[in-house]
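J.: Please see the structure below; I have some questions.
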């Protein structure tokens, strides 16, 4: 209610003081009770259609139903619904909601229904419904959702109805519906779906409604599973059709054969299509703020899907990402910076960055990129920074940078580029800095242009140098004269180790042959060359690769075999292979032979051989394998020969060879098998399998030595006590605290204080950042293959000279954000491969000269955010970073005062001067003894490991001598005890305890209750030096020795003259009538079950009540109503036709039509039931025929029957043939044509048949599905418009002629129901037809018959009947086939089950008796019995008797029961025009029946009003409130 100052109702102005009172009251009520513009009724808050632009505030916490539909809300924030823990129904449809923040629904744990349809949602955040376990119905239809992420519905485990139709979904991530096991309804129709992950719907056993039609399904080999899934469920997923390829377009998916789902090419068949989610929210493993998505160091192996569309920067560095897929970043058009540095990226799709018009920084350094695809940087017009350094790029196309006109810094530093084509940098008009150093440039005539370019544009700042020819080696390119760049046959223009491929400016070079190897006839011979790793570049045509007799120790997972599609044999025998990385053979599906004989393998696991799908021969002879577990050979299903000869195998786990399905030869000889109980299974397995084994023999125990395994009896395989639990388990490849990917181990942010056990020995990257390390773990030196160590964000305060020993392969060391103050001079000794060192964010002030003497490869030093003291002692560092720009210009000086804030990189070295000794704080960082850390006069000594060490005087200890040895100094005695120090004794001190305490430190309270004197059940409570007694209710005194009389006048608790009775448990009050409670203080409410009627008010009295009647009523219970004249009925003057009754509905006359009739006065017959087979309807006066649009609804359970027929020679016929609709049409052409519906309609349900005839074309559609079309291209004739239109059949002579001319295939008349026949959009009235006998009005019988396990047929001879499913019988298909009627003995009658075990016989006319076996019974035993309110029923036991209607009793059903409410649950129906409309779901109410005393009527006393959706027979729908009674009683007749 809105109030305006000074104005009230229409009666006139309100006084100011009265307005203030009203305003204050309205403010108090509105602020706490209901949001503005909303209506609150009970627990329902209705805010629909009020123009809201945001969720209103102050929604009551107890709200159960909230209606916000029909507003202008644009966004749902996280806290909009906070605190609404009781909400069950939330209506948000028909708004403009574009985004819902994650967590918005977290508080609504009771939410059951949520409608978000008809909004503008583009994305669905993951985990949005994670706390809505009670959610059963979710409507997201008619939005713009583009993708369904994997965790979209995680948490909504009780979801039964999910509607996603009419969106723009093009991507469904695998597992998106996995949690929805109870789903019954799923709609995905009218989207842009092209493919669906395999088995997406297999876990939905209750699914009964499923829609997938109107999508863009591409029916290739990846969608073959869907066809089989739909065929197994023929009643759901109807009209799901293929949109491609062209040969399958328009076909139903379920009808396409498996062989027709094909993929072109082997690569496509193996590649399961994936989709990049076009919009999303912050990934769970990342952090997002201010448009920046930070996923650094999260162990990612792929770019996350479903990222925020609005992000401007994404940080993905320090992960394990191996490739950038097509369009990976294209959806994120606002991106300005992408950082993918320090990953494992080897492949980039050409369109990975397509469309990023705002991108200005792209960081890709520290990866494994070898090639830049054509056009990969196309369209990046605003790019200013491009870092490609520290990769393996060997070739740059001339047009690689043609769109980068605004690029200012390009780094190609540290790659494998040997030459650059002229014009590569021509388009870089804004370039200011170019890094080309650390590349093996061949300075021949092809590179002359680069020298000229660099002299003209001195922008190359990293010092790029020549590597070849020898005369120009190590000279800076920009300083060499042009004439020196020449091509000569006398010079060698290659770099040793790189001449295995040909140079080509287009980067399409094919490998010639690996260095030092021989290549002949597709055989690459690289044996006996002392190789330590497999050559990187091998010709793609290679069929056999010989690498035997080398020194290879580790087989790395480089993906090199993906390009060798012709490779058949790999020989790695006689090497030093001790480790094979998981996935090392990925892509080697064509390899059939792998030889690993004579190596150093100690264990094997299935991941080592992943990718060898076609392997047939695996040779593992002469290794060090000790056991075989059941994961050793998983996936090698094609292996026929497996040799494990001459290893150290002692045991084999059960099932170890079960996955080798093709195994025919297994060599286990020369192994020391221990034939104990763990190997008992193998003897039996070898005997049963028909494979060649060579009879392996036992080595242990002694009594079985040299006995073949197959010959050992099962009882002889026995174990000593305690050995049963042994066995062979796979070696753990990753610590429990860490995550491992290939050779990358991530143990970040795990609160570690020590290095976890189980780190693989071949680890190359180890991430220990974000932990609690105080020192560098000493075990790091045992991992000799380490290339990267990240120890940032720990608490490391010092390094030693041995912290990084034995790490010769280390290239990246990150020590940033620790507490380092001083670096020892030999801390980095031996790190000759180190390229990147980060000391950023520590407390370092100085570094000793020569500290980087061994790190000759160092190119990046991060030392910023340190308080550098830039005096003469740091001058060397300034000069060192300037050579090669090793420091990026971040580090600044913190002292002396005149150097404060100056950059280490740009400040001239001469400025670094010593004007006196550094401050004591600076000196103490590398000489902590200067800060006097030792306390209590301890002596400080420098220590190379612990930085310093204190020598403590007598009486003190600790690192800083801070701990006193005086045992009483810490006050060990508690509770006021006195400490006495002891010298030379076992105990360093003793305590003198006060009274009430004891123990070594006086910490124990003495138990004074040991000898207590509490009597009569009193409880002793210990105190300090004493105790007290807690007495029962009826005792008192210090020891509970005195009995208390609780019923004495002073203590009597009973009120209102109640009698007090003493009991052992205390006093008990016996109350007077009318009172209750423990002390009889409560006056009983006698009005609780009062019988006052007609709105009378009950007045409570002592032990009684009285009724205060409303005006005009009288009687003790106000049951006598006033005398009023009977009102005039609205039905007077209303004429209802065809036997309809007029009823009063809200003072409005309404005709209640009989079944089959419709119209305001029931004047039209709209539905008919064909009960005889030889009958029909005949229309003779039709307009605009034969150009007609015919629609009708049909229900039948028959296979054949005529629906429509018109014409003679030139005809149109519609018939039911074998359950399908068949249309035959002949407008004058010959021969006539016919089409059939794909659907069957003989299931007893109503189906809509739509037929459009226009000249020579006919369209047929069933239930609004895709139409079937037929064209006749003969000479056009007009059909005979004078011939009648027959419905449901036709005369015998017409039938015979049509059958003879093949116009119909089955002449059977229609048997079933037809309703709502429209011809040219005009609803037909069957009363205006020639109706033959056998056609009856109405199709309602099946609404009265419920079939539990079957389908209702409305037109059976005895009336509606159920066609039961297999295994069910009975009138309602509710009895099992093997129920009590199975094998019944009814002779002349029908068996009727009474319960699960017994039955009775319902006799035919003329028979009686319990088994209907007595002839001569009266044909009509009920003839003389007149039941007033019921019907007569005869049985063999009771004879003829009355069965009364509900509400009546008596022998003749003559007695009406008292007013009562009979519960009803059914659909509610109304009539609108000619259409019959009913609610979409049943509702519950009570029917008031019975009699009332006097002149009262039995009617509803309590009514419930709710809004329901109605669906009408003409296809329309609407919503309307329905009012139904929920409680009945006697009241004044209305």
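Backbone N, Cα and C atoms are what each Cβ position is placed from, and that goes for glycine too.
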J.: Between 72, 1355, which does Swiss-Prot record as N-linked glycosylation site?
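T.: Checked Swiss-Prot: the N-linked glycosylation site annotation sits on 72.
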J.: Please indicate, using numbers and ranges, the residues of the same chain that are 6 or more beyond the repeat 'LRR 16' (638-659) and have a C-beta under 8 Å from a C-beta there.
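T.: Residues packing against the repeat 'LRR 16' (638-659) from afar: 597, 613-630, 632, 665-674, 676, 678-679, 681-682, 685, 699-700, 726-729.
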J.: From the Cα of residue 1189 (N-linked glycosylation site) across to the Cα of residue 1162 (disulfide bond), what is the distance in angstrom?
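T.: With distance taken Cα to Cα, residue 1189 (N-linked glycosylation site) is 26 Å from residue 1162 (disulfide bond).
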J.: Here the disulfide-bonded residues are 487, 1092, 1162, 1412, 1432; which one has the lowest number of other Cβ atoms no more than 10 Å from its Cβ?
T.: 487
J.: Give me the count of other Cβ atoms within 10 A of the Cβ belonging to residue 1014 (disulfide bond).
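T.: For residue 1014 (disulfide bond), the count of other Cβ atoms within 10 Å is 21.
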J.: Count the Cβ atoms, other than its own, that fall within 10 Å of the Cβ of residue 1026 (N-linked glycosylation site), considering every protein chain shown.
T.: 10
J.: Work out how many Å separate residue 1412 (disulfide bond) and residue 801 (N-linked glycosylation site) at their Cα atoms, rounded off.
T.: 109
J.: In sequence order, what residues of the same chain, 6+ apart, have a Cβ less than 8 Å from the Cβ of residue 1442 (disulfide bond)?
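T.: Those within reach of residue 1442 (disulfide bond), by Cβ under 8 Å and sequence separation of 6 or more, are 1425, 1427, 1430, 1431, 1432, 1433, 1451, 1452, 1453.
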J.: Provide the three-state secondary structure of residue 1403 (disulfide bond) computed with DSSP.
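T.: DSSP call for residue 1403 (disulfide bond): strand.
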J.: Counting other CB atoms within 10 A of each CB, which of the disulfide-bonded residues 286, 295, 526 comes out lowest?
T.: 286
J.: Anything within 10 Å of residue 1014 (disulfide bond)? Look among the recorded positions 192, 517, 526, 1107, 1189, 1306, comparing CA atoms, and list what you find.
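T.: The recorded positions passing the 10 Å Cα test: none.
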J.: In Å, rounded, how far does the Cα of residue 950 (disulfide bond) sit from the Cα of residue 801 (N-linked glycosylation site)?
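T.: About 21 Å separate the Cα atoms of these two residues.
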J.: Other than its own, how many Cβ atoms are within 10 Å of the Cβ belonging to residue 1079 (N-linked glycosylation site)?
T.: 16
J.: So among 295, 406, 487, 762, 1079, all listed as recorded positions, which is physically nearest to residue 801 (N-linked glycosylation site)? Use the C-alpha atoms.
T.: 762
J.: Using Cβ atoms only, which residues of the same chain lie under 8 Å from residue 1031 (disulfide bond) while being at least 6 residues apart in sequence?
T.: 1014, 1016, 1018, 1037, 1040
